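Have a look at the structure below, then the notes.
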There are 2 protein chains.
Amino acid sequence: MAHNAFYAQSGGVTAVINASACAVIETCRRHPDRIGKVYAGHNGIIGALTEDLIDVNRESDEAIAALRHTPGGAFGSCRYKLKDIETHRTQYERLIEVFRAHDIRYFFYNGGGDSADTCLKVSQLSEKLGYPLTAIHVPKTVDNDLPITDNSPGFGSVAKYIATSTLEASLDIASMCATSTKVFVLEVMGRHAGWIAASGALAGSGEGEPPHLIIFPEVAFNREAVMARVDEAVKTYGYCVIVVSEGARYEDGTFLADSGNTDAFGHRQLGGVAPTLAGMVKQDLGYKYHWAVADYLQRAARHLASRTDVEQAYAVGEKAVELALAGKNSMMPAIKRVSNTPYAWTIEPAPLAEVANREKFMPREYIREDGFGITEACRQYLSPLIQGEDFPPFENGLPKVAKLALHRVERKLPAFKI
Amino acid sequence: MAHNAFYAQSGGVTAVINASACAVIETCRRHPDRIGKVYAGHNGIIGALTEDLIDVNRESDEAIAALRHTPGGAFGSCRYKLKDIETHRTQYERLIEVFRAHDIRYFFYNGGGDSADTCLKVSQLSEKLGYPLTAIHVPKTVDNDLPITDNSPGFGSVAKYIATSTLEASLDIASMCATSTKVFVLEVMGRHAGWIAASGALAGSGEGEPPHLIIFPEVAFNREAVMARVDEAVKTYGYCVIVVSEGARYEDGTFLADSGNTDAFGHRQLGGVAPTLAGMVKQDLGYKYHWAVADYLQRAARHLASRTDVEQAYAVGEKAVELALAGKNSMMPAIKRVSNTPYAWTIEPAPLAEVANREKFMPREYIREDGFGITEACRQYLSPLIQGEDFPPFENGLPKVAKLALHRVERKLPAFKI
């Protein structure tokens, strides 16, 4: 007998999280004997808690297919971490109550480390309560900080965007440096892990090729050492391109962006790392600078997605449903690298207990000894992840995106306050 | 008898200025009976003044063809304005001396308003001195502020990048706004003219579709009015997307970015408009915000170039040579819009005397009455300019760019100090 499935998106969205959604939904639709309806949580897990469910069955096949090339989170995502299960058991019980009310027996939760943890807890509690739920976590995070999986869907596309943008902007600076900007700073995401910053290094590899400096959150920031390197690059190559992680920090853990930047109103929150670093360049070296902060542009840039990333995002979504149908519970489909050249990968299940609450940082052997670049091992790890293009269809000069109807499912339960 | 040609790039580079270079060189190569060698100025006009010439003839056809999809300025550009001709005649005379020494009779200068002016003056002086020079200005500027021409090559690609980035980032914010960021600010180029900011509006057109506010340099910034609009958008749609020009300013002409932002060292230069505006949102409304500053990324983004823009950049370069060969002097090939739907255009010569030193701002009828958006007339003007894609070839996950040999021409004259 067929039961229903629930899908939700969690945390910061990516260029390809909807490709995973597309895969989950399309794969469910291929199994009408086992899976009846697919419901999506409006704004992630909040949709489940508040019984705010989107009736995915009323979306056309075309609309669902278009999710594959639509950035953002089509059903709404959220920054909402379920609290500790011992003291806030009511939330978990509510989830199961909602699932029961709508005959939901498959729970697909698409997110990062926090959502893997939630997924695991929901699975454990449902078992304890005797409710037959199969919970599968679908990996996603631009930060690439999930353990076990070769990489996290979403990361490869950011990496491709940052590497491409670094390459393009570097050509701009190189052509103007004789009489204009000498130092360019690009700030990228990754507060704890330097994977995205590292991907900027893919823009060049030969002697003197930009970027000339990568600043990782994993390496304590030393102003003197950094400025000496900047000066050397400008004197040797005529200019200096820096890719800096938003998480760059001093030895004592203070973020660079927190280093005293204030606006007219005394707000510290304003400071970005890029303008802070650019200000140091100006003060210490006197060079003309420009800086850019890519912010959401980098994780939303579906127009420049990595085909590898899109394929992997789709594959983990598809595999999630297959695992659920095979009776696997509390699992995450993880990407396993089979070979580097040519890049080959498979999807294999990983127990959620091994995934939850573990962050994967850049290993020291991926960071060059001087701390300002990546090693060959890192390049070999990163390079396959940006391979291939998967341009979306364009309409009237702009990427075409999915338009969903987002019909709501009728509520069956009393309201629940979160 | 064949004589030589000189080509130089001037001012801020674009995603397609090399497409114009490609066109000038390829068209010259098709006329060996009239044009002997093509020399390029290293770092723009400085290369002519210092006799630092690149021997373009030693570049392969393949390398020149690859310029069409390579951003930046392949021969080097410069921010260097020739001084007043009356008091600094030596510079202009030096140019003609260099041209004479290398039998250069065709002068192609690829740039914005300043370089049109230089081109005109060089042409006038060569006539006065009896040196037979044909001077043609090839239009380029991301700011779209050149007069006469329908648009300036370089602008259409920035417009496409900004519209696409606005669309993509808006989908990100829309999916997170329930529990996270409510206001997103994207800062774009255009210190004097709001054309680039206006292009952000192409991301949406329906009621409530982002961007919700455009802030133009042409409209005096009124903090109260802006904040009221931001608040209204957040309350109505759940979030607010703002595209703001770097040139946004108060009634008295003070730039927003100059409004008191200081870093730890008291530098004012650090402030971007986006963080300043975001700080106001936080202070006045208390909403969580994010901001991005696209900076060079926008004008270097060849990977997302408008096909229309690439074609026009090529067409003005080609026409420049044809005009020169037809004996037209002191001209700029200008784009003429023949029809809007479908967009049709031709290239027609415009006298440099009418081009030089005139800036084209957004006309009032292109800005919505409330000052926060564009009119239908503006949309009809802008929309054709972002049509079509022209993705570069990719290699190893990154855009493939031209690799030039950049051989130098042997000097024949004594050194000249600029």
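Glycine is no exception: its Cβ is also placed from the backbone N, Cα and C atoms.
Taken from TrEMBL, the feature domain 'Phosphofructokinase' applies to B:8-323.
Positions annotated as diphosphate binding site by TrEMBL: B:G12. Long-range C-beta contacts of B:G12 (diphosphate binding site), restricted to its own chain and to partners at least six residues apart, with a cutoff below 8 Å, comprise B:S77, B:R79, B:G112, B:T141, B:V142, B:R299. According to DSSP, B:G12 (diphosphate binding site) sits in a coil region rather than a helix or strand.
The 10 Å shell around the Cβ of B:D114 (site 'Important for catalytic activity and substrate specificity') contains 18 further Cβ atoms across the protein chains shown. The site 'Important for catalytic activity and substrate specificity' annotation in TrEMBL covers B:D114.
Residues or ranges marked as site 'Important for catalytic activity' in TrEMBL: B:K140. Sequence-distant contacts (6 or more apart, same chain, Cβ under 8 Å) of B:K140 (site 'Important for catalytic activity') comprise B:Q9, B:S10, B:G11, B:T14, B:V16, B:I17, B:S20, B:N110, B:G111, B:G112, B:S152, B:P153, B:G154, B:A313. The DSSP secondary structure for B:K140 (site 'Important for catalytic activity') is coil.
TrEMBL lists B:T141, B:V142, B:D143, B:M189, B:G190, B:R191, B:E246, B:Y296, B:L297, B:Q298, B:R299 with the feature substrate binding site.
Among the features that TrEMBL reports, active site, proton acceptor is placed at B:D143.
The Cβ of B:E246 (substrate binding site) lies under 8 Å from the Cβ of B:E187, B:V188, B:M189, B:G190, B:R191, B:A257, B:G272, B:V273, each of which sits 6+ residues away along the same chain. Spacing of B:D114 (site 'Important for catalytic activity and substrate specificity') relative to B:D143 (substrate binding site) is 13 Å (Cα to Cα, whole number). By a Cβ separation below 8 angstroms, chain A lies close to these of the recorded positions B:K140, B:T141, B:R299: B:R299.
DSSP assigns B:E246 (substrate binding site) to coil in the three-state reduction, outside any helix or strand. Under the three-state DSSP scheme, B:G190 (substrate binding site) falls in the coil class. If you take the C-beta of B:L297 (substrate binding site) and look for same-chain residues 6 or more apart in sequence within under 8 angstroms, you find B:Y161.
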